[in-house]
Structure formats: structure tokens, C-alpha cells
Amino acid sequence: MPVEKDLKTAYKTLYDDKEPLKALHLYDEILKDSPKNLTALIFKAACLEKLYFGFSDWHSDVTMQNAKELLDKALVTAEGRGDRSKIALVNFRYFVHFFNVKDYERAQSYFKKAKNLGYDDDTLPLWEIRLETKLSKRSKKQRDSTMKHIISSVESTEDKREKNPSHSPISSFKNETGTQEFPKFRVDWYQSSACVTISLFTVNLPESKEQVNIHISSKDRRTLLISYQVPKAGSEFQYNTKLTHEVDPKVVSLNIFQKKLEITLRKIDNMQWKALEEGMSTEASRSSEMNIDSDSPTCPSLAETTSKERLTYPSSSKKKIDWSKLDIDEEADEEAGSADSFFQKLYAGADPDTKRAMMKSFIESNGTSLSTDWEDVSKGTVKTSPPAGMESKHW
């Protein structure tokens, strides 16, 4: 068919001869006779993109907007025909479009769509590497920015402590308006023999699980990307890291709480990790370890324990307390409101083991001791330690 020959000529002009303006005119001629020719719509958009980046006369927002509109029209046409291969091609061209304008997060979403639709091209692995590199660099910049903010907050806190040493550690983190200042997000983690769970604490949480994108590189099974849009802030939350060991990309669970995201990943090798992220010291990335049967088909949450793991601890109270059964519900804590504001502040952002340690140490010591180290507190009864110059009396 003549149109097929014209399409081949235009394609050769665009990519082999590298003459996008001439190719643009050829595609215009084809679209005059066939306004819904998918191939012409897709590659006319490619011509405009090449003109935008290669010629100053075409370097305007109008050029890129016209290219985007051509792809929109091509997608509607492809979906109307139910042509899966063409839908995949249009999504790939969307990816290239947004990649070139450095909107890498949106480019990534279209790249995933194209792959899921079965798009196959020799250049695909190269594009994927380039995309992961760009996203990794951007994530590193965000982490560096977050670290600078944390360092600045710590230095500010230290200055306040030096000027007014009587202030408590909690109040020293408050600003002039009396509200607490937090970094963009905080990362915590714990592990069992079979799984590792990552907690991301942030004030900008997604409304549903469907809004969260979790991607684990199928190549190294260690590169992890978690992202979602934050409409109120007009930005995107993104956590990108390289884990110290491999995880199964197909086994991922996500839970959203009032103050954090919790992502559970299955380990490839049932071994204890010394650190979560590659290059992080053991001290800086210490986790809470659980003795869970590695043959368990699913990875339990931190609150789940077996009957073998339930321990009771000696107490002066007649009523024995099974501290491992203490159910820490973060959302209930926030809504109900504790009678003791001191615990409310210390509880904020604490993981379940820390909360158990705080409760056990405070109650068993008759209010004279407060510890956040569950490993130490769980060994036995916490003794009463009255302040200097005072003595405890048993009634």
C-alpha cells in the first residue's frame, strides 16, 4: 500500500537521515489523507520533540505541547481499536517524552505501563538503566537535602540546650510556635529470619495503598523505590535505596498507619541483616530482631507472635502481665488521648517494642525508671530506683 511506503520513507528520514523537519512534512502529508493513522501521529510527535531539542526556532512550550497532544490522540485511537501493541508503543513514547523533559517520576509510570503491555525493543534495557540512574541521583539529592535539614535541626537544638540547659529534650525540639519540627521522613526497620519490614514515618501519607508505587529491581533484587504523589504539597514522596541483601520482588506487603508506611519484604536468604541499606554502619541501622519460623508461608507483622514467644515476667503485682501481648495501636493512642502527656510525647513515632519497654519499665519500677530498650527490659523485673536522697518503701 502507498501509505505504508510513505511511512517507511518518513521513518527513515527521521532516524536514519536525521532530518526531523523534512520528516515532519512527510507525516503531515500522510495525516492529511489519514487523520487517524496511528504510526504517523506517534512519530510526528517524535519529530516535534527532536526539533524542540535540536533547533532554537522550535524550542518553545508550544512545540512540546503539540507533541503531547499528538500522543494523546494516538492513545485514544489505539484504545478505541483495542490494539495492544500500539497502546504499548504510545506509552513508550510517553515515557521518552517525559524522560526528555526530566519528569522522571512520570516517565517511570509510563515505562512500567509499556512493559506490562508487552512492549519489546532492543533499546529497552538501556532506557531502563538510564531511568534508574536518573531516579537514583534525584533520590540521593533528596536524601542529602533531608540530612542537611536534620543536621541543622540538631545543631539548633544543641544551641538551645547550651543557652537553657534546664529544658527537657522533648521541649527543646519545639519551635517558637510550640509545634514540633520533623524532617521530611524518618526510616526505621526490623526483621525476622524470613522477612524485613521498613517503616517510613512522614506527615504526608497517601490516602490508599493503590496510590503507592513499590518497585524492586528485577536485576539485582536490592534496588528499592517507593513513591507516591502528595497533591497538597504539589510534590512526590520518594524513598530510593539499595538494600544490603536480596529480597523477592514478587512478595511485597504494604500497610498504611496514621503516622507511617510499613513495607514488608521477603528475604531471599534466611539470614540476619546487620544493616538495612548498603554502606550504612551497623550502629546506624540497628533493627529489632524476631525469632520467627523461616518456613512460615507469610511474613507476620511485628505485633504477631506465636504461643511459644509469649513470655510473662515477674512482678510485685498479684496480676501477672504478659507484656508480649500488650497491643500497641498507634491510631487508638492518637484518638483516645492519654491522661499522661509525658507518655503521649514519648510514644509519638515509637515502634511497638519500644512502647512495651517503656510501659514495662515504668510500671514495674513504680514510676522511677523509663527505658526504651526492650532487649534489656524483657530479661526480668525492672527494679525500683528512687532519686538520690530518697528511699523506696513497700506497703
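Cβ atoms are placed via backbone N, Cα and C, with glycine included.
Bear in mind that TrEMBL entries carry predicted annotations, made automatically and left uncurated.
Remember, it's a predicted structure, so these values are computed and weren't measured experimentally.
Positions annotated as compositional bias 'Polar residues' by TrEMBL: 166-176, 282-305. Residues annotated as domain 'CS' in TrEMBL: 182-277. The domain 'SGS' feature in TrEMBL is assigned to 312-395. TrEMBL lists 138-176, 281-310, 366-395 with the feature region 'Disordered'.
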Within the domain 'CS' (182-277), residues counted as helix, strand or coil by DSSP: 3 helix, 53 strand, 40 coil
Per-residue pLDDT averaged over the domain 'CS' (182-277), given as an integer: 88
